[in-house]
Structure formats: structure tokens, C-alpha cells
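These come from TrEMBL:
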TRANSMEM  A:12-31  transmembrane segment
DOMAIN    A:57-239  domain 'ABC transmembrane type-1'
TRANSMEM  A:61-84  transmembrane segment
TRANSMEM  A:91-117  transmembrane segment
TRANSMEM  A:123-146  transmembrane segment
TRANSMEM  A:177-198  transmembrane segment
TRANSMEM  A:218-242  transmembrane segment
Amino acid sequence: MNATLRQIAVPGGAMIVFLILWELLVWANGWPNFVMASPSDLPPAYARYWELFLTGGWQTLWRTVAGLLIAVVFGTLLGMVMGFSKLAREALYPLLVGFNAIPKATVVPILALLFVGQHDFNTVMLAFMISFFPIAVSVSIGLSTLEPEYRDILRALGASQATIFWKIALPKTLPEFFGALKVAVTLAFIGTNLMEIVSPHGRGLGALFDSGRTNADYPLMFAVLIALAVLGIALFYVVVALEKIFAGWAERSPG
Amino acid sequence: MSLPISLDHVTHAYRTQAGPLPVLDDLTLDMPEGSFTAVVGPSGCGKSTLTRLVAGLMKPDQGVVKLGGKPVTGPRSTVGMAFQNPVLLEWRNILQNVMLPLEIVSTGMNKTQREDRARELLALVGLEGFEDKRPSELSGGMRQRASLCRSIVHRPEVLILDEPFGALDAFTREDLWQTMHELRRAERFTCVLITHDLRESVFLSDHTVVFSARPARAQRVVEIDMGENRTLDDLYAPRAVELLAILRKEIQIAQGREPAEAAL
């Protein structure tokens with residue numbers, strides 16, 4: 001079997017096996033739709049609501065990406081401040097850990113009260129707030145653990161701090177940054193959906209899920225779950241592709 | 001071009017939580033233009049501090065460090081450095097790694113000239129054909145060769161080597177010693193080598209400075225009168241054996257072991 005075929009066939013086969021097992025589980029237990037929908041219930045749901053899936057999917061997607069982009073900018077800046085200044089690190093770290101410890105579901109009503117009716121803004125904010133932490137931590141650790149020799153090879157030549165950052169510190173931190181970004185993209189996605197489901201009159205796939213619940217349309221709920229999974233996988237692999245482009249050097253060839 | 005290095009009554013202490021830790025004590029040293037000085041001494045005696053002072057990465061508490069008669073006030077582009085860790089940048093290939101200093105120091109060279117310069121050095125140390133490899137694809141000895149190329153690519157007047165061969169196996173180390181001689185013949189620089197290996201100091205240096213235990217003084221300067229073209233066989237010649245014995249004795253004095261043994 002050639003390598004490309006294998007790369008597609010193996011995960012694809014696993015997915016088909018998973019769907020068959022799911023269908024069998026529902027069938028064997030004789031579960032009705034309101035306990036658990038089966039894969040065969042999904043195509044009708046998609047056929048009926050495809051327009052809602054498209055608009056909802058787009059809303060969920062752009063708000064996740066917007067929140068993640070803000071998290072990348074803010075998290076990187078915060079990480080740089082903490083990475084270069086020990087004082088800033090000592091001051092900000094406990095605050096940051098405390099902030100991260102707050103379950104974000106509790107932030108939803110607070111945001112909703114703060115910015116009443118600004119649904120897009122609230123959702124982007126939550127996606128950002130939930131996802132900047134791993135980025136900030138990884139950038140600060142990457143910068144603060146830079147071996148002094150790496151600095152010295154340029155510092156001894158009279159290079160400025162900015163040059164050392166661009167030529168050495170930044171590229172050397174990229175693998176850690178992308179590791180964190182993979183976590184952050186999933187978190188931002190969770191944040192977006194949390195806001196969409198919990199806040200009233202929400203939009204996006206989360207709101208579609210919620211309407212499936214209120215209308216007792218259980219196949220729709222499961223159809224949304226699968227759509228979310230597909231979107232989440234797509235986002236994750238976009239990050240993986242970016243990592244390959246910008247930090248591919250960190251991947252050691254096997255053997 | 002090369003510049004003489006001089007240290008004039010240099011005293012330095014690190015500030016630690018337990019109070020000042022003196023590392024250099026009234027150190028006076030002269031390294032003539034184009035000379036090769038090895039510095040040996042007990043662990044933690046302040047040898048690396050010396051390199052950081054000469055490189056301008058630190059300022060001494062007292063005394064003056066001079067390059068070419070001018071006091072060192074900060075880092076300068078006429079210095080090259082190599083460490084025990086080759087610190088090559090994994091996201092660059094070997095050629096780009098060697099060219100790194102040329103991106104910082106203005107040499108008036110255009111891109112082709114810079115590349116030619118890097119290729120010429122890589123060929124000199126036997127890394128021809130490895131220009132496009134990543135550092136992780138090279139062996140430890142090859143990485144250290146590339147690191148040496150990077151340290152002299154911008155034609156520094158002063159080369160500072162902080163145990164660059166310390167982590168290599170014995171055979172690779174001896175290969176690199178010979179490479180070092182070739183580099184010295186091809187390029188002009190005043191070199192300071194920090195080492196723990198007395199054979200290395202005898203094979204490579206014009207004079208070897210033995211540091212006392214911390215805070216370090218120059219306990220003794222031994223002239224290594226072994227001529228220009230040394231071979232590894234020369235290390236087993238009577239003069240080399242004699243020099244090694246002298247150095248070993250000085251190290252034992254520096255470690256505080258010699259007086260006790262002499263009393264036996």
C-alpha cells in the first residue's frame with residue numbers, strides 16, 4: 001500500500017468503523033431518537049437545515065478565528081513582557097493563573113450583562129479570554145529559558161535587543177508557540193460555542209444546537225455535534241499546516 | 001588584523017544573595033598581538049568571567065581590560081566567540097548559521113561575497129558539501145567545526161574560545177586541535193582559549209596561564225616553546241612531557257593539594 005493511500009485509508013476506515021458501531025449500539029438497544037440519534041438520522045437533518053448549518057457554521061468559524069487572533073496578539077505581547085522581565089513575570093503570573101482558574105461558563109452571564117445585546121463582541125471576547133493563557137505562558141517560558149549562549153553569540157557582536165529577538169528568541173520560541181496554539185484553537189472554539197449556547201438569542205452552530213434542544217429535534221442536535229467536530233478538526237489542521245510552514249525545522253526526521 | 005589584549009589589575013565579584021562572591025583578584029595579563037593564550041585552572045575559578053570581560057559582555061569592578069590599547073566599554077564587532085555548546089540555530093542550514101555574524105557586523109561585503117567567505121571557511125574545516133544540512137544532521141564534532149567558522153567569519157581581531165572542545169570525544173578533539181592550527185595559519189587573530197585539558201593547552205597555545213583557585217590571579221604563565229608546526233606526535237616529545245608536568249604541578253598548587261603532598 002503506498003503512503004498517501006494509507007494516510008487517507010487508515011483514518012477514513014476508522015471513522016467508518018466508528019459510525020457502524022454507533023449505528024449498531026443504537027439499534028441493539030432499541031433506543032428511540034430522544035435518547036440517542038443514530039448516524040442514519042443525520043442526513044435528513046442536514047438536508048432539511050443545510051442553510052442554517054452554512055450560516056451558523058460561518059458565524060461560529062469567524063468568531064472563533066477572530067477571538068483566536070486577538071488571543072495570539074495579546075498572548076504573545078504578554079508572554080514577551082513576562083519572558084523578558086522577571087519583575088513582570090512575578091507580578092503577572094499569579095493573576096494570570098487565578099484568571100485562568102475561573103470556569104469560563106461563569107464569565108458568560110457577566111459578559112452578557114456588561115455588553116448587552118452585542119452578541120458578536122461577547123462571543124469573540126469569550127473565545128479570546130479562554131484561549132490566550134496557553135499562548136502567553138508558552139511564549140514567556142520560551143523566552144525566559146533561552147540559553148544565555150544564544151544571546152551572547154549576537155550580543156558579543158554588539159547586536160541590539162531587537163535584533164536578538166528577531167534573529168534568535170522569536171524563531172527559537174516558535175515550536176512552543178505552535179504547541180500552545182493547538183491547545184488555544186480548541187479552547188477558542190469551546191469559548192465560542194459556550195457563548196452561543198448559553199446566551200439567549202445566540203447565533204452560530206451553538207444556537208442551532210440550542211434550538212434543536214428546545215424543539216426536541218434530537219437528530220438536529222447530533223447533526224450539529226458532528227458539524228462542530230468537522231469544523232474543529234479543520235481549524236486544528238490549519239494550525240498544524242501553519243506549524244509545518246513556520247516551525248517545520250523543529251520536526252526531527254524519524255530514525 | 002589582530003589586536004593585543006591586556007588586563008590591568010582587574011578585580012571582579014558577583015553579587016549573590018549570600019553577599020559578594022569575588023572571582024577575579026587583581027588579575028594582570030598581557031596577550032601580544034596574534035598570540036594564542038590558553039587559560040587553565042581549577043573548576044569555577046573565574047575563567048569564563050575572563051572571557052565575558054574581554055568580550056565586553058561585562059564590566060570589571062576595578063581595573064581595565066584593553067583591546068589594542070583601548071579600554072573595552074561594551075561589546076564590539078571585532079570579537080568572535082565560540083562556546084562548549086556550539087549553539088547553532090536549528091532553523092538555519094549550516095551555511096546560513098556561519099553567515100549569521102555577517103548579518104550583524106557591517107563588512108561592506110555583498111551577498112555573494114558573504115556566501116563565498118562562509119563557504120571558504122567551511123571548506124577549510126572540512127565541511128564542504130554540508131552547507132545545506134541542518135545542524136541536527138551533523139555530528140557533535142562537525143557542529144563544533146561550524147561553530148568555529150561562525151566565530152571567525154567576520155574576521156575578528158580577537159577570538160575567544162570557552163572550552164569549545166570540552167564535550168567532544170578524544171579522537172574528535174584531536175582532529176579539531178589540528179583544524180584550529182589550520183585556521184590560525186589562514187586567519188589572523190589574537191586568541192584566548194579557556195580549557196580544562198592540559199594537553200590541549202600545550203598543543204595549541206603560545207603561552208598557558210594557570211589561574212589560582214577563586215578569586216583567581218594569574219598564578220603562573222608558562223611559555224609553550226614548541227615551535228609553529230606542531231603535530232600530535234610532538235605531544236609525546238620530552239619537551240611536551242616536561243611542560244605538562246610543570247602545568248600539572250601548578251594546577252595542584254592552585255587546588256591547594258600540592259603543599260600537603262610536599263609535606264609528606
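Note: Cβ is positioned from N, Cα and C throughout, glycine not excepted.
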Recorded stretch that, among A:12-31, A:61-84, A:177-198, A:218-242, has the most CB pairs under 8 Å to the transmembrane segment (A:123-146): A:61-84
Surrounding residues of the transmembrane segment (A:12-31) on its own chain - C-beta under 8 Å, 6+ positions past either end: 37-40
Sequence-remote partners of the transmembrane segment (A:218-242) [C-beta within less than 8 Å, at least six residues beyond its ends]: 33-34, 36-37, 41-42, 44-46, 49, 53, 57, 60-61, 64-65, 178, 181-182, 185-186, 189, 193, 205, 208-209, 211-212
